[in-house]
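If you check TrEMBL, you get these features:
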type     : residues : note
TRANSMEM : 16-35    : transmembrane segment
DOMAIN   : 24-476   : domain 'Major facilitator superfamily (MFS) profile'
TRANSMEM : 106-127  : transmembrane segment
TRANSMEM : 133-161  : transmembrane segment
TRANSMEM : 198-220  : transmembrane segment
TRANSMEM : 284-305  : transmembrane segment
TRANSMEM : 325-346  : transmembrane segment
TRANSMEM : 353-373  : transmembrane segment
TRANSMEM : 379-399  : transmembrane segment
TRANSMEM : 419-441  : transmembrane segment
TRANSMEM : 453-472  : transmembrane segment
Amino acid sequence: METLPQSTASPKRSHLPHQICVLLLTFSAYASFHASRKPPSIVKSALGSEISPVEGSNSTGHGWPPFDGPRGTHRLGELDLAFLASYSIGMYFAGHVGDRIDLRRFLSFGMVASGITTIAFGMGYWWKIHRFGFFLAVQVVSGVFQSIGWPCVVAVVGNWFGKSKRGLIMGIWNSHTSVGNIVGSVTASAVLEYGWGWSFLLPGCLIVVVGFLVLAFLVVSPKDLGYEPAAPMEVEMSGSSVINGSAENMEGVQLEEASLLTPRQDPDSASAIGFLEAWRLPGVAPYAFALFFSKLVAYTFLYWLPFYIRNTAVAGRHLSNKTAGILSTIFDIGGVFGGISAGYISDKMGAHAVTSLIFLFLSIPTLIFYRVFGSVSGLLNITLMFLSGFFVNGPYSLITTAVATDLATQDLIKGDSRALATVTAIIDGTGSVGAALGPLLTGYISSRGWNSVFVMLILATSLASMFLIHIAKAEIARK
């Protein structure tokens, strides 16, 4: 049979429309994941007993059994733990499975199933369910399905993009997290007054619709369209070039910056990397544990910020549930700019760990100022909330995207792109353990006062910095 001639178009030109399509689809996919995660934080004040009455509010302050009463915040925290614990455990398995099956179908399945569980939680409102076990079970199942999303979207993006400007590209792309939080917050808050079930129904339907779009249009890899992988881009590193995935070994530096590779030409020629083998890759463990504490802080804000705003007077006034939910989006808007800025600075400096440390260090005084002065006025509250989101989400965004992808394509595994989902799952899965711990502790600690919660957040930020100091020193020494 006569063989068709290969296209003479350049890889960049051939791939560009498909790269844009992949970015948009994966961005929308994970934004919808986060939009469907946001309702529990928005409805906390409606489910639990209100600490302080709101002037002019029609709310009775009784909440929704079994989340009312003095143990209401404890049970809300336990719901967060149930979701995030199953999400964290599921992440390890999802990454392992994602390296071995069709990512498009696997991602679509996770999205549709996540939408169904989100809707099921909201149906508890119309079905008049007051059994804690029902809501707990739904959150556990939802966490498992939600864990499918992240390893899949990162692996797909890693298949399509080279190393040049990865920090900036990933920083922009990773704003899907904050965009999803904003969409989920605004949607859930807008319909909360009609009944808290609506706050789950609409985001659940959204992720189902996007899931079918992903199933119909997502292309997982350039080779699925008959294209050759794009030629690797040359990157200057400390005066020496790194070309075609090879670099000089640098003493004391076994970091992601030394691994500017592209996927091997025939990734199917070898089996996917093992779970324990991936843990032993240079830089994986330190970044994983740094993300543990960084994500603890980020997810505490994700799940408890609307509740905190609702029950903390701003300029002497308590805000309504709807206003508190919408106002909490300022944190996520700051996170969008923080993630993009961290990626851009990381590209310019060529140092992921140093960039993350700068953001972590600056987040500590920002958190202190937000707690102390955030209640003085509305303008000051918004400004400090924006800065908190900027500095908290910067390193979180950088580690979960550019760092994870670089670590999964380094010298020791010869750029095997099949390690992408596994390494990504390890890093984000470990981070998700911290994400589960933060909201749970907040549910218990907040009953004693919010100052204790902010002490926990500052301590976690400090510990995240400690895990990156050694890597940052090596980056500085290399420069």
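Every residue, even glycine, has its Cβ placed from backbone N, Cα and C.
Any TrEMBL annotation is an automated prediction that lacks curation.
Against the transmembrane segment (284-305), the recorded stretches 106-127, 133-161, 325-346, 453-472 differ in Cβ pairs under 8 Å, and the greatest number is found for 453-472. Each of 16-35, 106-127, 133-161, 198-220, 419-441 was scored by its Cβ pairs under 8 Å to the transmembrane segment (453-472), and the highest score goes to 419-441. Between the transmembrane segment (16-35) and the stretches 106-127, 133-161, 198-220, the greatest number of Cβ pairs separated by less than 8 Å involves 198-220. Count of Cβ pairs under 8 Å against the transmembrane segment (198-220): among 106-127, 133-161, 419-441, the largest is for 106-127.
Summarised as a single figure, the pLDDT of the domain 'Major facilitator superfamily (MFS) profile' (24-476) averages 81.
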